[in-house]
Amino acid sequence: MNRTFIITGTDTGIGKTVFSAALAGALNAYYWKPVQSGLEEATDSETVVQLAGLSRRNVIPESWRLNTPASPHLSAQIDRVEIDTDALAVPSVDAPLVIEGAGGLHVPLTRRTTFIDVFARWRKPVILCARTGLGTINHTLLSLEALNRRNIPVLGIAFVGDHQPDTEKIIPELSGVRRLGRLPRLAKLDPDALRQAFREHFDINIFGGASE
């Protein structure tokens with residue numbers, strides 16, 4: 001069975017897409033963003049293609065593309081569409097698959113369903129991206145508690161940001177969830193720099209090793 005990883009975060013704008021690009025590039029994986037909110041600037045799928053050095057055939061089209069950069073439920077309402085969360089199913093592919101959510105776990109897709117509800121149905125391992133700055137201990141532990149309460153498997157925590165040794169130590173200690181590594185903020189964000197940073201800060205074998 002091909003490896004599938006769900007990338008979520010403790011908040012929005014913390015680096016999930018950059019981490020997703022790094023992981024997808026390292027595994028030569030497929031990438032899927034089920035719902036994209038906001039189309040005026042580069043989409044997350046376009047960013048991943050650029051940063052991961054992936055072929056466009058490795059990017060699975062979004063199930064919903066919404067115009068307004070807002071929570072998916074609100075974007076859908078503005079666009080006068082309704083997201084059918086029951087129709088969201090993990091794609092079948094012939095290589096590893098990286099799935100990126102939007103914002104945090106409790107971001108609503110509709111007025112009845114949040115991302116964590118869908119993740120609970122999928123039962124695929126989650127990688128939680130977390131900031132290293134002030135406030136992240138509380139946010140990360142709350143997110144892990146929510147995943148645990150729904151029996152969603154968690155592969156580990158991927159920190160994003162400046163090195164904070166105690167923060168990166170105490171969260172795994174209190175939660176029992178392992179630290180996968182830390183992706184530093186890069187002064188020059190390009191495919192080569194991202195590839196090198198991922199190699200230096202993460203063990204590819206944790207994710208099952210690189211694919212041909």
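Using the three backbone atoms N, Cα and C, a Cβ is placed for every residue, glycine included.
What you are looking at is a predicted structure, and each value in this text was computed from that prediction instead of being measured.
Long-range Cβ contacts of Lys33 (active site) within its own chain (separation 6+, distance under 8 Å): Thr43, Asp44, Ser45, Val48, Glu62, Ile99, Glu100, Ala102. Among the features that Swiss-Prot reports, active site is placed at Lys33, with the record citing sequence analysis.
Positions annotated as ATP binding site by Swiss-Prot, on the basis of sequence analysis: Gly13, Ile14, Gly15, Lys16, Thr17, Val18, Glu100, Gly101, Ala102, Gly103, Pro184, Arg185, Leu186.
Residues or ranges marked as Mg(2+) binding site in Swiss-Prot (evidence: sequence analysis): Thr17, Glu100. The number of other Cβ atoms within 10 Å of the Cβ belonging to Glu100 (ATP binding site), over all protein chains shown, comes to 27.
According to its DSSP assignment, Ser37 (substrate binding site) is in a strand. Taken from Swiss-Prot, the feature substrate binding site covers Ser37.
Each of the binding-site residues Thr17, Ser37 was scored by other CB atoms within 10 A of its CB, and the lowest score goes to Thr17. Most buried of the binding-site residues Ala102, Leu186, judged by other Cβ atoms within 10 Å, is Ala102. In this entry, Gly13, Ile14, Gly15, Lys16, Thr17, Val18, Glu100, Gly101, Ala102, Gly103, Pro184, Arg185, Leu186 make up the residues listed for ATP, with the farthest two CA atoms of the set 23 Å from each other.
The Cβ of Gly15 (ATP binding site) has 19 neighbouring Cβ atoms from other residues within 10 Å, across all protein chains displayed. Cβ-based neighbour count (10 Å, all protein chains) for Gly13 (ATP binding site) stands at 9.
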